[in-house]
Amino acid sequence: MTEFFMGLGLSYEWAWGISTIAGILLIALPLMLGVAMIIYADRKIWAAMALRRGPNVVGPLGLLQSFADGLKVFLQETIIPTAANKGLFLIAPIITFTVALMAWAVIPFNSGAVLANINVGLLYVLAISSLGVYGVVIAGWSSNSKYPFFSAMRASAQMISYEVSIGFILICVVLWAGTFNLNDIVKAQQSHVWIINGFVANPLLFPMWVMFLISGMAETARAPFDLTEAESELVAGYQTEYSSMAFALYWLGEYANVLLMCALNAVLFWGGYLPPLDIPVLYLVPGFVWLLLKILFFFFIFSWVKATVPRYRYDQLMRLGWKVFLPVSLLFVFLVSGYLMATGHFA
């Protein structure tokens, strides 16, 4: 895109700046539209599981319900508790929302179609996604209320606990692919096992995908790991004191993170923008379509689990992360490393 603007007579600096802004808009605007649609889909799936109809009034089939909700919160007043730290209280949801968007910069939507094709893309995702907990912790502390504070403590412990096992899982992927570049990781999955595109067909990496999927639910605080928003215990958790657009930013950030986790499942284990099978006719379908279908598939799994699995207790959540996922993921790091060294394919 930079070359295109340079061809119009612009200097490199101007062309790079305009192309970067255009790339950000090309990702951010469809992402926000996608978030609105998956909120609608989430409510529809949850309703279907409970034998209800779900949103069905605003627009055809209720498709405009999310936009109506957005307009409603936009017109509401932002109420700040008198005892709250005003500056931190308002900046916390902005941090969560901004961090959720920044992580998408390195997701490859097709071969070469990525905003920032950096060599440490996976490390970038880990670093940026780790910053999301600051928005939650700041909200819990600045609200000066016991329910948000308890929620913030839970959120920090939960996210840190599962980031450790996620790190070991991603080490297995990096060892096999030999790179931190997400685009190269996708290419390394082509015909990985026979004609199957994806590390998920690998017996050593399939358990890692299952653990990554579950850890992703815990990392994004989705049910059954939504201990930070346990209504029966913490009202609405760290969001209890929020209203209007500040509350909406948390919702947008939460669902953007869920979509990001679905995209990472697709990119790291299911071949990303590659078709499921390495068959020439399947490559006629554009790569971004395959990636979108995989993201929707994983989002359905997230919603399905949310509607069917009861919430974990806090001690069960910690036990699963530290006593099950951590040792198992560490064991598989040794297994994958040993296999690659024994077969002479160590990257």
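Keep in mind that glycine also has a Cβ here, set from the backbone N, Cα and C atoms.
So that you can see what the record holds, here are the features copied from Swiss-Prot:
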| type | residues | note |
| --- | --- | --- |
| TRANSMEM | 21-41 | transmembrane segment |
| TRANSMEM | 87-107 | transmembrane segment |
| TRANSMEM | 120-140 | transmembrane segment |
| TRANSMEM | 160-180 | transmembrane segment |
| TRANSMEM | 194-214 | transmembrane segment |
| TRANSMEM | 259-279 | transmembrane segment |
| TRANSMEM | 282-302 | transmembrane segment |
| TRANSMEM | 324-344 | transmembrane segment |
Take the transmembrane segment (194-214) and find every residue of the same chain, 6 or more past its ends, with a Cβ under 8 Å from one of its Cβ atoms. 165-166, 169-170, 172-173, 176-177, 264-265, 268-271, 274-279, 298, 301, 325, 328-329, 332, 335-336, 339
Six or more residues beyond either end and a Cβ under 8 Å away: which residues meet both conditions relative to the transmembrane segment (160-180)? 119-123, 126, 130, 133, 188-189, 199, 202, 204-205, 208, 211-212, 215-216, 218-219, 268-269, 317-318, 321-322, 325-326, 329-330, 332-333, 336-337, 340, 346-347
Take the transmembrane segment (324-344) and find every residue of the same chain, 6 or more past its ends, with a Cβ under 8 Å from one of its Cβ atoms. 162, 164-165, 168-169, 171-172, 175-176, 204-205, 207-208, 211, 214-215
